[in-house]
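K.L.:
Sharing a structure, written as structure tokens. Questions coming.
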């Protein structure tokens, strides 16, 4: 009895050691090959694709290798996914000690929510799953968001009033400010008027000067005509008056040769006798 009891205890211990060694250490990922990545306490966001007595690492690898970066084993279930479980969920290898139904020499996780994780070789460094915050941790954020929204709503009228004040200010400045267009038009009109006045003054002065010159020419012409009309034909420019009573010969004598009496008629020659 004692011998059979000791033998049963030894066999149980051996089976326990064998079960502990089922989960082998993690491996470096290799393209197109399955490699162990450790024992995790969650499966992340992987999806179950099979459950049955055929479950093993090789069988699950064939189901997931074409589309997924990773797969997981737990008992008789097989999971596929694109991401590893969260890094914080990695546990010691001895936690995964459940023999696979189709190949008892390897571990298929454990019954207490432990999973054996593998890489399919499709992506050598998949990201790890990051779970969203729970509702309890998200509640304070929602409260803060509500408070900030309320604060913004309470501040909205002030902002609108400021915007209205700001929009009114430029309009008042526009009303009170000078009309630039009117000023520019006035300047242009003033320049045109000044130019017109200047042009008219210049035209008037030139016309008056031309009139004076023409008048002077007319006076000179009249004087010249008068002078030219009173000269005897063939005169050399000196003025001489001709008296019909005068003897032409005597008239052209030099005045120093003798004088002419006014009471004598010199129109005829008078013969006088003188002693020789």
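A Cβ is built for glycine as well, from the same backbone N, Cα and C atoms used for every other residue.
OK, TrEMBL features for this one:
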- 134-158: compositional bias 'Low complexity' (COMPBIAS)
- 159-169: compositional bias 'Polar residues' (COMPBIAS)
- 33-121: domain 'WSC' (DOMAIN)
- 128-177: region 'Disordered' (REGION)
- 1-19: signal peptide (SIGNAL)
- 180-205: transmembrane segment (TRANSMEM)
K.L.:
What average pLDDT does the predicted model assign to the domain 'WSC' (33-121)?
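P.N.:
Mean per-residue confidence for the domain 'WSC' (33-121): 96 out of 100.
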K.L.:
Using DSSP, what's the helix, strand and coil tally for the domain 'WSC' (33-121)?
P.N.:
14 helix, 33 strand, 42 coil
